[in-house]
Amino acid sequence: MELREQERDISNIDPQECVHPEDDNGLMLVVRPSRVRPPFSVVLSTVLYCAEFITAAVLCSMYHKSEDGIWMGFTLAFMLVPAVLIQLALTFIHRDLGRDRPLVLFLHLLLLGPVIRCLEALVMYFRAGKEEEPYVTISRRISLKKGQGTPMEWEIGQSERNLAAHRNAFKRAAVIQAFLGSTPQLTLQLYATIQEKYILHLRLALMIITLISITYGALVCNILAIQIRYDDYKVRLRPAAYICLIVWRGLEIATRVTALVLFSTALTHWVILVGMLNLLFFFFLPWAEFWARKGSLAENIEKNFSKLGTTVVLCMFTLLYACINIFCWSAVQLDLTHRELIERQQRWARLALYYSLRFLENFLLITLWYFFKSDFYEYVCAPLLVVQLLVCYSLAILFMLLFYQFFHPCRRLFKYNVHDCLHCVCFRKRVTSPGSRRAKPSYSNAATMVLVKKKYDMCLKVL
């Protein structure tokens with residue numbers, strides 16, 4: 001499992017730069033260039049971690065001076081809890097407890113684990129290629145180009161594999177930071193800003209950093225989902241795909257957080273019920289599916305884990321999954337019986353159901369805020385704000401559809417795409433509409449009726 005995870009993130013190589021003739025097995029051999037891809041994702045995750053931690057710490061000191069005990073307590077909690085979980089995650093992924101690395105473990109105790117890991121990755125990158133690799137491994141992937149899949153092989157050196165391990169570890173850390181720390185932090189600071197009726201510059205800086213962190217974490221969720229589902233393919237996202245993802249996730253998260261905060265300012269205690277219902281539903285959903293399938297827990301998650309330890313890890317993983325889905329689409333569905341805990345099949349019906357229900361929930365929350373809002377919003381055009389939030393969430397859904405239809409790196413592998421689903425919905429409504437008059441069957445239109453029935457059956461499979 002660890003070997004395949006590291007191979008997923010091996011550097012992107014242009015197959016035309018160094019192509020050898022096909023071998024006896026029909027594989028096109030590609031020799032890896034000596035240049036290794038820089039660990040930009042590792043540096044970005046570390047910068048976001050440090051920026052959010054330092055800004056939150058300074059803001060806590062300001063709350064302490066102004067004797068705002070409640071804001072200080074929550075800010076401190078949302079700063080320390082994800083930081084501790086990130087140290088545990090990095091230590092667990094790199095398996096440092098069984099290795100003689102006292103300095104690294106000590107820095108993890110000081111909550112500086114991402115910093116030392118980032119420095120290690122940078123040292124590996126600058127040393128790569130200067131010395132001959134003691135051994136290499138072969139990574140086999142299918143390269144997609146213009147809809148054609150070409151089996152290829154890459155020679156992967158040890159330094160490149162170590163960098164891939166760092167990238168994968170920091171991707172997991174970025175998701176933990178985003179949805180267990182940044183999302184509650186952003187919600188808290190926005191709520192505090194509205195309640196105190198003024199904008200504090202340091203608080204505004206923290207909100208901007210957390211929004212960037214959440215958007216990046218959601219982006220990582222999409223990339224991890226693609227890499228896991230299409231493990232046999234060499235995945236490469238183009239700049240247009242990244243732009244579409246950023247706009248989609250940024251609008252979705254900003255609208256969701258704003259709707260929750262506005263609702264909490266009008267009905268403070270009811271927002272706790274809304275949050276707990278969302279959390280419990282998404283937490284128990286994978287377990288309900290697991291019990292319905294009557295399966296057994298996934299094995300080989302960690303060799304040294306007992307049944308109890310495996311259950312605890314799965315519960316933490318499910319908690320992270322639930323926290324993601326409270327604020328945005330997680331891009332993956334959990335399968336606790338699978339070795340990688342991720343369901344590989346793309347469920348379009350669940351995606352459509354999630355965004356439909358989430359749109360209705362946001363509309364309900366904003367509508368309740370509109371009717372129960374306080375006098376603070378008398379200088380704000382409330383109807384315009386409601387329309388803007390609904391339009392922004394609709395735009396997020398639109399960019400999501402554009403991504404899956406035009407910018408998904410493996411869209412040519414879809415059995416059904418977004419266009420097919422929308423066409424089938426319209427076709428199904430037209431065929432099953434009660435006001436439509438059915439023509440009498442005749443030999444002249446028999447073939448047409450057979451084609452329509454086949455198309456209708458295909459639409460039922462899509463939906």
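Glycine is treated like the rest: Cβ placed from N, Cα and C.
Curation does not apply to TrEMBL; its annotations are automatic.
Annotation source TrEMBL lists transmembrane segment at 42-64 (among others). Residues of the same chain lying 6 or more positions beyond the ends of the transmembrane segment (42-64) and with a Cβ under 8 Å from any Cβ of it are 71-72, 75-76, 78-79, 83, 86, 111, 114-115, 117-118, 121-122, 166-167, 170-171, 173-174, 177, 181-182, 185, 200, 202-203, 205-206, 209-210, 212-213, 216.
Per TrEMBL, the feature transmembrane segment maps to 70-93 (among others).
Sequence annotations record features per position, and here TrEMBL assigns transmembrane segment to 105-126 (among others).
What TrEMBL records for 204-228 (among others) is transmembrane segment.
Per TrEMBL, the feature transmembrane segment maps to 270-288 (among others).
Per TrEMBL, the feature transmembrane segment maps to 308-332 (among others). Residues 175-176, 179-180, 183, 214, 218, 221-222, 224-225, 228, 249, 252-253, 256-257, 275, 278-283, 286-287, 297-299, 301-302, 341-343, 351, 354-355, 400 of the same chain lie 6 or more positions beyond the ends of the transmembrane segment (308-332) yet place their CB under 8 Å from a CB of it.
As annotated by TrEMBL, transmembrane segment applies to 352-372 (among others).
Feature annotation from TrEMBL assigns transmembrane segment to 384-407 (among others).
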**Request:** May I ask whether the transmembrane segment (384-407) has at least three C-beta pairs under 8 Å with the transmembrane segment (352-372), counting pairs 6 or more apart in sequence?
**Result:** yes
